[in-house]
Amino acid sequence: MANNITFIGKGKPNPKHFGKTMPKYGQIKNTIGIISGKGGVGKSTVTGILASTLSKKGYKVGVLDADITGPSMPRFFGVNGKRAGIEPIDQENFKYDPVISEGNVKIMSMNLMMPKEDEPVIWRGPVVTSVLTQLFTDTKWGELDYLLIDMPPGTSDITLTVMQSFPIDELIVVSTPQDMVSMIVKKVVNMAKKMNVPIRGVIENMSYINCPGCDTKIRVFSKKSAEEHSVNLGVPLLGELPINVDLTEALEEGRAEEYVRDNDLYSLIFEALY
Ligand code: ADP
């Protein structure tokens, strides 16, 4: 039966979420949006890493790919060849079965609905927003500890809708060192503040490369540390991630989830987070 109350913490209804759009087929304890000022900073990659490490820890995890025009979650989890199940209820309503990864993460993405993954979505903003809302509400999420939402970059119409009408418990900002000091990421941080959506903190991606053969972290893009950048942005630093070519290769080959689960670096970085 449809359940339209989300729960946080130890399963108590969260009064903060009254009046928000709720999933019909699931109980979700924590809904976390992953945001960035612009594209290409690794927002989707960090969403995938977080989902994989949380699921490795034993949590029940789902991922909603809300980056509709650049959906990349199916590729991260190597399920881009699969399609989501569609179950008609009547002529207008449907239930969707998410695709489940090898590591037990439930994934829903527009790309899992398209006949071919390279088919573009040529829709106006309001249509995209309504389809995304359906993917959120009509997917059979079941019981989840965490639903991670890979948000579109920047302060677009869709980001606004997700922040305004979805029951987001907290946001995580992803940024690169150069972007940390730009006004673009500050815009998205300020947008969240204006809409009273709590920001948990920032993850600095591509912070450094590990010097081959020595222990030094080489900061390629900025001499300043991630801590200094986060102070400038005004949100706590949750972690910093290196540029890792092995990860890029794993992503290209559709085995990023396996790579992240097998690599202690990622478990350690996110150890303290949840
Ligand atoms: P966004 O979601 O912000 O648009 P993506 O997560 O799609 O960005 O990442 C953009 C590109 O950068 C991808 O090709 C991804 O493989 C690569 N990438 C992201 N983070 C890293 C990293 N830490 N090390 C190496 N490559 C990375």
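Just so you know, glycine gets a Cβ as well, placed from its N, Cα and C.
If you take the C-beta of Ser44 (ATP binding site) and look for same-chain residues 6 or more apart in sequence within under 8 angstroms, you find Asp65, Asp67, Gly70, Ser72, Met73, Phe76, Asp150. The ATP binding site annotation in TrEMBL covers Gly37, Lys38, Gly39, Gly40, Val41, Gly42, Lys43, Ser44.
Under a cutoff of 8 A between CB atoms, and with a sequence separation of 6+ in the same chain, the neighbours of Gly39 (ATP binding site) are Gly70, Pro153, Gly154. With a cut-off of 6 Å between Cβ and the nearest atom of ligand 1, the binding-site residues Gly37, Lys38, Ser44 reduce to Ser44. Other Cβ atoms within 10 Å of the Cβ of Lys43 (ATP binding site) number 27 in total over all chains. Secondary structure at Gly37 (ATP binding site), taken from DSSP and collapsed to helix, strand or coil, is coil.
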